[in-house]
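Student: Below is a structure I'd like to ask you about.
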2 protein chains.
Amino acid sequence: MAAQPIKFGIVGCADIARKVSRAITLSPNSTLYAVASRTHEKAAKFAKENGFPDSAKIYGSYEALLDDPEVDAVYLPLPTSLHIKWAVLAAQKKKHLLLEKPVALNVGEFDVILEACESSGVQIMDATMWMHHPRTAKMKEFLLDSSRFGDLKTVHTCFTFAADKNFLETDIRVKPDLDALGALGDVGWYCTRSILWAADFELPKSVVALHGTVYNTSGVILACSASLQWGDGKTATFHCSFLSNLTMDMAVVGTNGTLRFHDFVIPFEENKASFGTAVKSGFTELVTGWEPKPSEHIVTTELPQEALMVSEFSRLVGCVKFEGAKPEKKWPMYSRKTQLVLDAVKVSIEKGYQSVEIVE
Amino acid sequence: MAAQPIKFGIVGCADIARKVSRAITLSPNSTLYAVASRTHEKAAKFAKENGFPDSAKIYGSYEALLDDPEVDAVYLPLPTSLHIKWAVLAAQKKKHLLLEKPVALNVGEFDVILEACESSGVQIMDATMWMHHPRTAKMKEFLLDSSRFGDLKTVHTCFTFAADKNFLETDIRVKPDLDALGALGDVGWYCTRSILWAADFELPKSVVALHGTVYNTSGVILACSASLQWGDGKTATFHCSFLSNLTMDMAVVGTNGTLRFHDFVIPFEENKASFGTAVKSGFTELVTGWEPKPSEHIVTTELPQEALMVSEFSRLVGCVKFEGAKPEKKWPMYSRKTQLVLDAVKVSIEKGYQSVEIVE
């Protein structure tokens with residue numbers, strides 16, 4: 001790197017910030033520069049345990065970190081209800097923004113964040129790591145190949161994990177004042193994003209949540225499902241839950257081909273990941289077997305997907321900072337569309353599983 | 001076998017009857033005894049091409065075959081709209097009945113068939129072959145293991161194939177007067193059956209078809225999806241279609257485990273089949289990989305699943321014929337429940353995707 005690495009400030013010491021701190025360390029164009037927590041002590045402990053250099057700045061308040069003119073970019077893993085306040089303030093302080101998902105409680109809030117980023121000219125990207133794995137690009141090649149895959153017809157995704165008693169009682173993701181979207185905003189975010197990714201971010205025309213939503217006693221969603229419909233006949237379904245064994249399935253079916261994999265958010269292994277494809281699948285004579293059979297493809301990666309995410313974010317920040325480029329609009333567009341679909345699913349649930357039109 | 005093999009008559013020379021004729025030949029307790037078509041010539045040609053013994057009886061009408069007192073059992077692969085007539089007549093003639101799916105156009109028709117079988121004391125079983133693969137029993141062991149699998153939470157199945165122009169114009173499965181249930185009755189039958197199988201044949205409380213049904217110009221369903229809900233919070237979704245690449249996915253998610261396989265109706269290979277399980281799946285430290293990872297299990301079989309189906313059917317017929325046993329009720333119960341769910345999906349589509357209660 002000819003240019004200086006991008007200096008990151010971590011705003012909030014959530015568990016996930018540990019993984020992202022390591023990713024920043026691994027990313028060659030990025031450096032851990034500062035960390036803020038609500039107390040100096042917590043921030044210092046986090047810095048010590050997560051590979052921050054001795055020179056790192058330790059802040060006992062988020063404001064103090066945002067006031068540090070040396071901070072180029074912030075990673076913001078705060079509870080969703082706090083995003084609007086701190087993401088807007090970060091943008092106003094000219095900090096580029098790597099924002100945890102769900103990006104906001106609803107698209108109205110996210111639009112306020114986007115306006116702040118736009119008027120400050122800062123890059124914003126959500127922290128959906130799997131988008132940056134080289135496997136994702138390889139799979140996209142397959143989906144865009146009209147001969148091997150053809151036209152997209154249907155997608156199904158499922159992301160569940162079996163939360164333990166402690167999670168179900170204390171995690172921010174089950175608290176109505178912190179992460180009111182619950183499982184829909186957490187695991188459902190990935191389901192929705194992956195469906196939109198498969199559909200080249202063409203928004204569905206309408207969304208219907210499926211009967212069977214499970215809530216906790218505070219009314220936060222612990223499990224739900226939805227179906228999505230496009231004007232051209234494409235359909236998708238997803239299921240997300242905190243109440244079932246960890247499962248991450250994605251299947252994309254086209255007129256000619258099928259793509260599937262079972263670790264779409266976090267690959268089974270850090271440095272290699274696989275996906276299965278089937279092309280013009282058929283049966284043997286007398287329908288006693290398949291010909292051709294599906295095949296598996298392995299994609300290796302030197303850096304884990306979260307480090308590639310940080311690298312891509314920092315590359316874009318560098319373009320703005322060192323070359324005067326405009327922020328890349330594709331990433332906030334992805335975030336906004338994902339949030340729009342989540343919002344529609346929530347409305348559909350609230351309206352007794354009615355169909356909800358998606359209005360961009 | 002001490003007892004004589006069960007003598008089969010094939011009623012109708014559909015393509016699928018070729019596979020089942022081979023299965024009868026492979027099955028040690030079964031023998032190809034007769035075949036009927038609407039012309040003697042067609043029946044003779046079928047017998048010659050499908051390994052019938054020289055002594056086989058060739059009939060130019062279905063009635064004639066049913067009037068042959070030597071025929072123990074018939075395999076009936078006729079178009080669905082003809083099932084009620086011929087299945088009832090076969091039962092009245094005291095023929096045991098291996099009936100192609102969907103078993104009828106609706107459960108009302110199937111109940112007429114069941115009454116005829118009951119009053120004649122004959123065995124009826126539908127020709128859902130995969131139920132008889134040893135893999136299916138192995139997978140059931142997994143699903144019943146409360147420690148490895150836990151409680152069932154959700155199921156997703158998808159069975160699609162890309163019908164060619166000829167199929168979409170001429171196949172009986174797209175003709176309203178022959179197979180009015182279209183893709184729902186054909187590929188959707190397997191999706192529904194597999195979901196019920198995973199749920200131990202506990203009927204869902206209600207069914208909602210999902211927006212996006214595709215029809216041909218005659219109003220026959222070419223693609224559709226549905227969601228199923230049980231009273232205890234279990235849910236399921238399926239997608240079936242004649243318009244997408246051949247795909248046969250099934251995923252069953254419990255509180256502790258996950259089962260999945262991608263060839264649930266017809267295994268990729270005839271003599272071995274695999275399935276994947278994951279138990280108490282979790283992440284490595286820092287959530288950079290999985291621990292434990294899912295594992296694959298291979299089940300071999302000497303006889304293909306369709307021959308095992310014929311063998312089990314003939315075993316039950318033998319129990320009735322030689323030992324005076326009562327017919328096994330489990331198989332018609334499976335058929336009836338599958339048909340009940342299909343009916344409910346169809347009603348839901350017709351009612352504009354309303355929720356439809358399942359009444360046994």
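Cβ from N, Cα, C; glycine included.
Remember, TrEMBL labels are computer predictions, not curated facts.
Annotation comment: TrEMBL describes A:6-125 as domain 'Gfo/Idh/MocA-like oxidoreductase N-terminal'. Annotation source TrEMBL lists domain 'GFO/IDH/MocA-like oxidoreductase' at A:143-260.
Can you walk me through where each of these features ends up in the structure?
Tutor: Secondary structure of the domain 'Gfo/Idh/MocA-like oxidoreductase N-terminal' (A:6-125) per DSSP (helix as H, G, I; strand as E, B; remaining residues coil): 54 helix, 26 strand, 40 coil.
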Student: Determine the mean pLDDT over the domain 'GFO/IDH/MocA-like oxidoreductase' (A:143-260), rounding to the nearest whole number.
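Tutor: It averages 97.
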Student: What does DSSP give as the helix, strand and coil breakdown of the domain 'GFO/IDH/MocA-like oxidoreductase' (A:143-260)?
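Tutor: Per DSSP, the residues of the domain 'GFO/IDH/MocA-like oxidoreductase' (A:143-260) fall into 27 helix, 53 strand, 38 coil.
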